[in-house]
Amino acid sequence: MFGKLSLDAVPFHEPIVMVTIAGIILGGLALVGLITYFGKWTYLWKEWLTSVDHKRLGIMYIIVAIVMLLRGFADAIMMRSQQALASAGEAGFLPPHHYDQIFTAHGVIMIFFVAMPFVIGLMNLVVPLQIGARDVAFPFLNNLSFWFTVVGVILVNVSLGVGEFAQTGWLAYPPLSGIEYSPGVGVDYWIWSLQLSGIGTTLTGINFFVTILKMRAPGMTMFKMPVFTWASLCANVLIIASFPILTVTVALLTLDRYLGTHFFTNDMGGNMMMYINLIWAWGHPEVYILILPVFGVFSEIAATFSRKRLFGYTSLVWATVCITVLSFIVWLHHFFTMGAGANVNAFFGITTMIIAIPTGVKIFNWLFTMYQGRIVFHSAMLWTIGFIVTFSVGGMTGVLLAVPGADFVLHNSLFLIAHFHNVIIGGVVFGCFAGMTYWWPKAFGFKLNETWGKRAFWFWIIGFFVAFMPLYALGFMGMTRRLSQQIDPQFHTMLMIAASGAVLIALGILCLVIQMYVSIRDRDQNRDLTGDPWGGRTLEWATSSPPPFYNFAVVPHVHERDAFWEMKEKGEAYKKPDHYEEIHMPKNSGAGIVIAAFSTIFGFAMIWHIWWLAIVGFAGMIITWIVKSFDEDVDYYVPVAEIEKLENQHFDEITKAGLKNGN
């Protein structure tokens, strides 16, 4: 009746796991108790869990990302500690099978459930505001996409206490991920968490692609869009083009494991290299899905805090488009050593070097934006400057790895680990923190505490270099990745330095948590009354902070690239409209969370081979979707009186701030 599931699936014999599970359960119970104590369940259901408001969904994405960052970083600390101990001749505190699960879960969590939700959260929060839209093209799909992401998060975390996670590495190469070498449920947890969350990401890509192309404000041509919107558009093109590859690849691996097919096994005509080609044909565009939007974040911040127009807008846009195209013809650089031949390796090595050119164009554009600007060293700007330095180092090591001869020496070494953390942390993570700092007042109506923000930045950037520069040296010294036992003692000093860097990063994360707490506590002292705390240039700053649920009472007409800056220059930024009209808006829907609940049941049942429960979960998903499809009560009109009330409150705050007509 319960398939493979039994009490033996709970790892009672592993104290680290059991303590972690106890902590998660106690934390969850405390949260439920607080919500119940304050009587907030109805509020949460009506205003957040069933919301189709892009801003609230963006905030929820970012909350999920921050929570999972804590989980993913805990894995990182354990890995660094284990390697430091193992290189000193100790056995360490992690048995090999547990260590292997940790490095797999760390990669999966950080890419799929930290970086992706954070980037998509920023897109949700900002893109409709930047283009003058009232919501995304498909509001319900936006809600459903979020909940599919949550399904993946739930399954990954359940694997901690029920069964195990994959021990294969984050991309689950066969034959190790095949049923012969991984007969347990670990790879199945990997499969279903990625497959279900991947559906949500694909829907997000379609949603934002349509939103940006079809819902821009009057007068906003493509080359009047903010750079962040351009970067988001290109990232969503990549999502639409690449995520179906992941879906099909994982589906074929599922068939190998569940039905005994042989797509990726060498016997019966299969080929494991086909899997590796397919997974990286998705995997390398995925890197740019993450990095392109944060390039847009840095573009917005550099212009705002340099107090001048963005340098080289057109070249920035075309560089973004070039990266989007080139990202599909570099994937083989992930496996130069696997026998493709010299000509093939040379082609992909050259394309990898070429893709560095548009990235370099962007870096020089940001530098020239700052040149002769009146730079304000706000914490968002510090993250940007830190990114330029850190990402440049990572980019140069990437070009080095693009040389097949060098890659043969460094493949699967800690040099590679240092390189991709250099670009992911120095690029994506720094960009997400910069974007959170920059747009926090827009989301919540008050600014983040600067003192703690700067402390977080310095701990992060110093910790990063202390943690990862030794790994470059260890890579040259011959240390390969994913070692947990019997590590050469000559590596001990470098591994201890790297572990101390991880501790500094932990302090940086602590500073970020304290920053949010202090900012919420002191929010009344840091209110943003005008909606424009930084002297912004784009349309999101034309609304109140936080914006009303309809975003714009009157959809703005765009005449210049820096639309809001132009309004301020002409003295039109805060003019009261002559009249308002009713606004057409979507209604909230609980169908998304219900479909997600059934999806979680379906995924869990498939992992444990509980076939009757899988049928219940799948049927529940389909029936809910069909019922939702016949629901025609999906929208309403906001009355003029409500709009006037909210807008008058905003104009009163503007008057308090001493602003009038944008001057």
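Placed from the backbone N, Cα and C atoms, the Cβ positions cover glycine too.
These figures come from a predicted structure and were not determined experimentally.
Here D75 (ubiquinone-8 binding site) comes close to I102, F103, A105, H106, I109: these same-chain residues lie at least six apart in sequence, with C-beta atoms under 8 angstroms from its C-beta. Following the DSSP three-state reduction, the secondary structure of D75 (ubiquinone-8 binding site) is helix. The ubiquinone-8 binding site feature in Swiss-Prot is assigned to R71, D75, H98.
Here Swiss-Prot flags H106, W170, H421, R481, R482 as heme b binding site, drawing on experimental evidence. Secondary structure from DSSP puts W170 (heme b binding site) in coil.
Annotated Cu(2+) binding site per Swiss-Prot: H284, H333, H334, in sequence order. Secondary structure at H333 (Cu(2+) binding site), as computed by DSSP, is helix. Its Cβ taken as reference, H333 (Cu(2+) binding site) is surrounded by 21 other Cβ atoms within 10 Å in the chains shown.
There are 24 other Cβ atoms within 10 Å of the Cβ belonging to Y288 (Fe(II)-heme o binding site). Annotation source Swiss-Prot lists Fe(II)-heme o binding site at Y288, H411, H419, citing experimental evidence.
Per Swiss-Prot, topological domain 'Periplasmic' is recorded for 1-16 (among others). Cβ atoms under 8 Å from those of the topological domain 'Periplasmic' (1-16) belong to residues 78, 93-94, 98, 161-164, 185, 605, 608-612 of the same chain, restricted to positions at least 6 beyond its ends.
Helix first, then strand, then coil: DSSP counts for the topological domain 'Cytoplasmic' (36-52) stand at 11 helix, 0 strand, 6 coil. Look at Swiss-Prot and you will find 36-52 (among others) tagged as topological domain 'Cytoplasmic'.
According to Swiss-Prot, the topological domain 'Periplasmic' annotation covers 81-95 (among others). Outside the topological domain 'Periplasmic' (81-95), and at least 6 residues removed from its termini, the chain residues within Cβ reach (under 8 Å) are 16, 102, 483-489, 491-492, 495-496, 498-499.
Long-range contacts of the topological domain 'Cytoplasmic' (133-137) within the same chain, counting only residues at least 6 positions beyond its ends with a Cβ under 8 Å from a Cβ of the stretch, are 52-54, 124, 127, 207-208, 210-211, 214-217, 550-552, 555, 583, 585-586. The topological domain 'Cytoplasmic' annotation in Swiss-Prot covers 133-137 (among others).
Annotation source Swiss-Prot lists topological domain 'Periplasmic' at 162-184 (among others). Sequence-distant contacts of the topological domain 'Periplasmic' (162-184) (same chain, six or more residues past either end, CB-CB distance under 8 Å): 5, 9-11, 97, 100-101, 103-108, 111, 156, 190-191, 253, 256-257, 260, 264-266, 272, 275-276, 279-280, 283, 482, 607-608.
The topological domain 'Cytoplasmic' annotation in Swiss-Prot covers 216-224 (among others). Counting same-chain residues at least six beyond the ends of the topological domain 'Cytoplasmic' (216-224), those with a Cβ under 8 angstroms from any Cβ of the stretch are 131-133, 313-314, 317, 539, 555-561, 563.
DSSP states for the topological domain 'Periplasmic' (261-270), grouped as helix (H, G, I), strand (E, B) and coil, give 3 helix, 0 strand, 7 coil. Marked as topological domain 'Periplasmic' by Swiss-Prot: 261-270 (among others).
Mean pLDDT of the predicted structure over the topological domain 'Cytoplasmic' (308-311): 95. Sequence annotations record features per position, and here Swiss-Prot assigns topological domain 'Cytoplasmic' to 308-311 (among others).
Marked as topological domain 'Periplasmic' by Swiss-Prot: 327-340 (among others). Here the topological domain 'Periplasmic' (327-340) has long-range neighbours at 238, 241-242, 273, 276-277, 280-281, 283-285, 287-288, 348-349, 351-352, 355, 401-402, 404, 407-408, 411, meaning same-chain residues at least 6 beyond its ends whose C-beta is under 8 angstroms from one of its own.
What Swiss-Prot records for 370-377 (among others) is topological domain 'Cytoplasmic'. Taken through DSSP, the topological domain 'Cytoplasmic' (370-377) splits into 1 helix, 0 strand, 7 coil.
Here Swiss-Prot flags 478-489 (among others) as topological domain 'Periplasmic'.
For the topological domain 'Cytoplasmic' (522-587), the number of residues in each DSSP class (helix H, G, I; strand E, B; coil) is 15 helix, 5 strand, 46 coil. According to Swiss-Prot, the topological domain 'Cytoplasmic' annotation covers 522-587 (among others).
All protein chains considered, the CB of H419 (Fe(II)-heme o binding site) has 24 other CB atoms within 10 Å. Taking CA atoms as the reference points, H411 (Fe(II)-heme o binding site) and H284 (Cu(2+) binding site) are 16 Å apart.
Under DSSP, H411 (Fe(II)-heme o binding site) is assigned to coil, being neither helix nor strand in the three-state scheme. Long-range contacts of the transmembrane segment (225-260) within its own chain (CB-CB distance under 8 A, at least 6 residues past either end) are made by residues 119, 123, 126-127, 130-131, 172, 174, 177-179, 187-188, 191, 194-195, 198-199, 201-202, 204-206, 208-209, 212-213, 216, 270, 275, 278-279, 281-282, 285-286, 288-290, 292-297, 299-300, 310, 313, 316-317, 320-321, 323-324, 327-328, 538-539, 561. Sequence-distant contacts of the transmembrane segment (588-606) (same chain, at least 6 residues past either end, Cβ-Cβ under 8 Å): 3, 45-46, 49-52, 140, 143-144, 146-148, 150-151, 154-155, 158, 188, 192-193, 195-196, 612-614, 616-618, 620-621, 624-625, 627-628, 631, 634.
Within its own chain, the transmembrane segment (17-35) has Cβ neighbours under 8 Å at 11, 41, 44, 74, 98, 157, 160-161, counting only residues six or more beyond its boundaries. Comparing C-alpha positions, H98 (ubiquinone-8 binding site) sits nearest to R481 among the binding-site residues H334, H419, H421, R481.
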